[in-house]
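K.L.:
Got a structure here, written out as C-alpha cells. Questions coming.
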Amino acid sequence: MQQDKVNLLGLNQKAIEDFFISIGKKKFHARQVFKWIHKKGVIDFDAMTDLGKNLRHKLKDKAQITIPKVVFSKASKDGTHKWLIDVGGSAVETVFIPEEGRGTLCVSSQIGCTLNCSFCSTGKQGFNRNLSAAEVIAQLWIAARTLSKTDGEHDFTVTNIVMMGMGEPLMNFENVVPAMDIMMDDLAYGLSRRKVTLSTSGVVPRIYDLLEQSGVSLAVSLHTPNDMLRNEIVPINKKYNIDELLEACKLYAQKGPHKHITFEYTLMEEVNDNLSDAEELVALLKSREVPAKINLIPFNPYPGTPYKKPSNNRIHRFKEFLQHNGFVTTVRKTRGDDIDAACGQLAGDVMDKTNRKQRYLKKLGDTNAN
C-alpha cells in the first residue's frame with residue numbers, strides 16, 4: 001500500500017544509503033537517487049535515467065517521493081514570496097526573502113507551536129503536531145523549484161535558510177536535524193553551516209545537542225534581558241532561565257560556525273523598548289561574556305494583540321545605544337507585510353488552524369473551499 005512505502009524525500013544521505021542496503025542495493029545507487037531528488041528536482045523514478053530498469057521497478061514497489069501540495073503561492077510587491085503548503089490537511093507557511101546578493105528562505109518546523117509566546121501570532125493557533133523531516137525539507141524543495149531558472153535543477157537562488165517559521169525547531173529536533181543535513185549536503189543543496197540558521201526560544205538541553213549533532217548557526221529569541229518579563233512573554237523561560245540559556249550560548253559561540261550568537265529582540269512599545277531595557281541588555285551580555293550580534297525586530301501587530309510597534313524614534317534610540325556600547329546591531333526590515341509574510345504574521349488572520357486551508361482558498365475565490 002502507498003502509506004507503507006518509505007518517503008525518500010526526508011532521508012538524509014546516511015538514511016537513504018541504509019534504506020538501499022535494506023532492499024539489497026548499493027550505496028552509490030542511493031547517492032544517485034538522493035542527487036536526483038534534491039539537486040535536480042526529479043521525483044519520478046522512471047525519469048532517473050542512470051538507474052537500471054530493475055532498480056527503478058524495485059523503488060516503485062518499496063519507496064515513494066511525495067511532495068506536499070502547494071495550496072497557493074503569492075509574491076509581494078517587494079519581491080518576497082510566500083507559499084501555503086498542505087501537510088496532511090493542515091497548512092504551514094514558507095517565506096522567501098530576496099536581498100541584494102542573497103536569498104533567504106524562512107522554514108517552518110511545526111504546525112502551530114507549543115511555546116505560546118505572548119506576542120507571537122503563530123502561538124495563538126495552538127499546537128497540532130511536528131512536521132516530518134520530509135515536510136521540513138519539502139519547503140526548500142518547493143522554493144528551489146519555483147524560484148529556479150534552470151527548469152527544475154537547483155541553481156542556488158536560495159542561498160540562506162532560517163529555521164524561523166512556524167514552530168519551535170528544537171521541539172522537533174529528530175526531524176529538523178536530518179532535514180538540515182540535507183540542506184547542507186553537497187549532493188543536495190550544498191549550503192554551509194554558516195548559511196543555515198536555527199532560531200530557538202531557549203530549549204537549553206537541545207542547544208547542546210544541536211552543537212554536537214549539527215553545528216549550524218544559532219539565533220536565540222531573547223526579547224528581554226529580564227527574567228521576570230521573559231517568564232511572562234516567553235514562558236519557556238520558567239523552565240530554562242536566562243542564566244542557563246546564556247551559558248549554553250557561550251559554549252555554542254566558542255564552537256559554532258560564527259563564533260557569536262545572534263540574539264533576536266522583538267521591540268514592543270513600552271514593554272521592552274525603553275532605554276533602561278537597552279542598558280540592562282548591554283550589562284547582561286557583557287557580564288556573561290557572550291559574543292553577540294543583536295537583531296531588533298519591530299513588532300508586527302495582528303488582530304487581538306495588546307502589543308504595539310514602537311515609533312521609529314524609539315527603535316532608533318534603542319539601536320544607537322546598543323551600537324554605542326560595541327554591539328553589532330541591525331533592525332529587521334518589514335518584508336512581505338502585504339501578504340502576511342512579515343515576521344510574526346505567519347498565523348495569517350489568527351483563526352482556528354483547522355480552517356486555514358479553506359480561508360486561503362476563499363481568498364483566492366475558490367468556491368470549492370466552502
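Glycine residues also receive a Cβ, built from the backbone N, Cα and C atoms like all the rest.
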K.L.:
Pick from SER148, SER199, SER276: which one does Swiss-Prot list with GLY167, GLU168, SER221, LEU222, HIS223, ASN300 for the same S-adenosyl-L-methionine site?
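P.N.:
Given GLY167, GLU168, SER221, LEU222, HIS223, ASN300 bind S-adenosyl-L-methionine in Swiss-Prot, the matching entry from SER148, SER199, SER276 is SER199.
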K.L.:
Are any of GLU93, CYS113, CYS117, CYS120 (the recorded positions) within 10 Å of CYS106 (disulfide bond) when you go C-alpha to C-alpha, and if so which?
P.N.:
GLU93
K.L.:
Just counting, how many other CB atoms are there within 10 A of the CB of GLU93 (active site, proton acceptor)?
P.N.:
25
K.L.:
Around CYS117 ([4Fe-4S] cluster binding site), how many other CB atoms lie within 10 A of its CB?
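P.N.:
For CYS117 ([4Fe-4S] cluster binding site), the 10 Å Cβ neighbour count is 23.
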K.L.:
Taking the Cβ of CYS113 ([4Fe-4S] cluster binding site) as the centre, how many other Cβ atoms fall within a 10 Å radius?
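P.N.:
Within a 10 Å radius of the Cβ of CYS113 ([4Fe-4S] cluster binding site) lie 25 other Cβ atoms.
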K.L.:
Which whole-number mean pLDDT does the model give the domain 'Radical SAM core' (99-337)?
P.N.:
93
K.L.:
Rounded to an integer, what is the Cα-Cα distance in Å between GLU93 (active site, proton acceptor) and CYS120 ([4Fe-4S] cluster binding site)?
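P.N.:
The separation of the Cα atoms works out to 15 Å.
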